[in-house]
Amino acid sequence: MGCWTPSSDFGHLKAHSRVSVLFTMILIITFLFYCLSGYCESVQLYTLQSFRSKLLPVEEAQATLQPHAHRNGSVSRELSDQEEKRQEGFGYDSHSNLSVSNNFGTKEFPQAIIIGVKKGGTRALLEFLRVHPDVRAVGAEPHFFDRFYQRGLHWYRNLMPRSLEGQITMEKTPSYFITPEAPSRVSSMSPSTRLIVVVRDPVTRAVSDYTQTLSKNPSLPSFQSLVFRNGSGAVVDPSWSAVRIGIYVKHLERWLRFFPLEQMLFVSGERLVSDPAGEMARVQDFLGLKRVVGEKHFYFNQTKGFPCLKKPEGSSHPRCLGKSKGRAHPQIQEDVLQRLRDFYRPFNRKFYQMTGQDFGWD
Ligand SMILES: Nc1ncnc2c1ncn2[C@@H]1O[C@H](COP(=O)(O)OS(=O)(=O)O)[C@@H](OP(=O)(O)O)[C@H]1O
């Protein structure tokens with residue numbers, strides 16, 4: 001009765017410690033579950049990073065972290081034109097799954113850029129590369145080195161997704177290849193930037209370019225009336241951009257004033273369709289990446305008529321590019337195409353010589 005008894009207090013203490021043991025076990029089990037579901041890496045990274053960032057500058061702290069992130073561009077069906085536009089608009093990142101890289105790491109200048117060519121297959125290449133866990137790429141075309149250079153490098157870097165040590169940052173803007181100022185500008189950002197050019201038969205490329213313009217402006221004059229000088233019906237007009245872009249050797253000469261050939265990779269737009277895994281092996285080697293993206297990532301979609309991504313990382317749904325990629329081309333008269341082929345032949349030959357690659361267009 002109101003008496004203090006040692007046994008009753010010990011009993012209370014025992015119950016207390018049982019609760020703490022139970023609580024500790026629950027914590028450990030929860031943590032283990034957390035780790036098994038892959039989140040504990042981010043906890044470790046976060047702790048490590050926030051700790052280090054107190055001691056080191058951000059870049060140095062980031063350089064000490066190991067990459068574990070697997071990202072994916074998970075769109076489980078063919079994108080509509082509108083969706084694709086949105087995806088290509090600034091600020092939209094198709095990597096919508098939870099990922100360490102989306103929230104950690106730092107924004108870096110791209111170490112590699114797909115600089116061209118328009119209608120060569122640049123979107124396909126970028127989307128295939130994004131499957132790689134060590135590639136972080138901006139989905140939109142930044143157009144920094146041609147249109148928005150005045151906005152400054154800080155603006156440009158800010159567009160980039162965050163990356164961790166071991167990951168490379170990339171972007172694609174196909175118009176860089178034909179922009180006279182682009183080579184010096186890219187070089188002044190970093191002379192060690194690796195450059196990728198997806199090239200495609202310039203005749204097909206011109207038709208593809210025309211098809212795209214026609215889709216936006218149905219009252220566009222015929223291909224034939226635009227391709228020849230003053231409607232001459234004979235002399236190809238190189239001032240028409242659809243023709244000019246395909247004189248690859250002219251544009252390449254400008255890049256070679258600022259970058260050695262070894263820093264450039266020429267991807268065959270045709271092989272990117274007929275043998276995506278083979279072409280991706282070359283690209284991954286060039287970028288110093290492990291060959292992760294390969295045969296198992298692709299299947300040939302008969303309806304689309306193009307290779308599509310079978311199973312992007314973290315998604316079980318196949319994925320093709322949108323409707324604006326792989327459009328049906330209008331029928332062009334054979335003699336018109338032949339004249340265009342004849343026009344490009346000498347330029348193509350010189351291009352093969354300079355790059356040391358025969359693309360087989362002639
Ligand atoms: N896998 C896959 N799926 C769909 N389309 C593919 C693919 N690989 C290459 N291509 C070819 O890419 C052409 C479009 O090139 P780009 O992406 O460089 O165009 S753009 O400059 O960004 O507008 C596009 O040109 P068109 O066929 O004229 O539409 C395609 O031929």
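Positions of Cβ are set from backbone N, Cα and C atoms, glycine also.
All annotation found in TrEMBL is predicted automatically rather than curated by experts.
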Inset, instruction - Given that TrEMBL annotates Lys119, Gly120, Gly121, Thr122, Arg123, Arg200, Lys325, Gly326, Arg327, Ala328, His329 as 3'-phosphoadenylyl sulfate-binding, name the residue from Ser192, Ser208 that shares the site. - result: Ser208
Inset, instruction - Check TrEMBL and name the cysteine among Cys40, Cys308 that pairs with Cys320 in a disulfide. - result: Cys308
Inset, instruction - Among all chains shown, work out which of the recorded positions Cys308, Cys320, Ala328 has the most CB atoms within 10 A of its CB. - result: Cys320
Legend entry - For Gly326 (3'-phosphoadenylyl sulfate binding site), the number of other Cβ atoms found within 10 Å of its own Cβ: 17
Legend entry - C-alpha spacing of Cys308 (disulfide bond) relative to Ser208 (3'-phosphoadenylyl sulfate binding site), in angstrom: 19
Inset, instruction - Note down the number of other Cβ atoms within 10 Å of the Cβ of Arg123 (3'-phosphoadenylyl sulfate binding site), including every protein chain shown. - result: 22
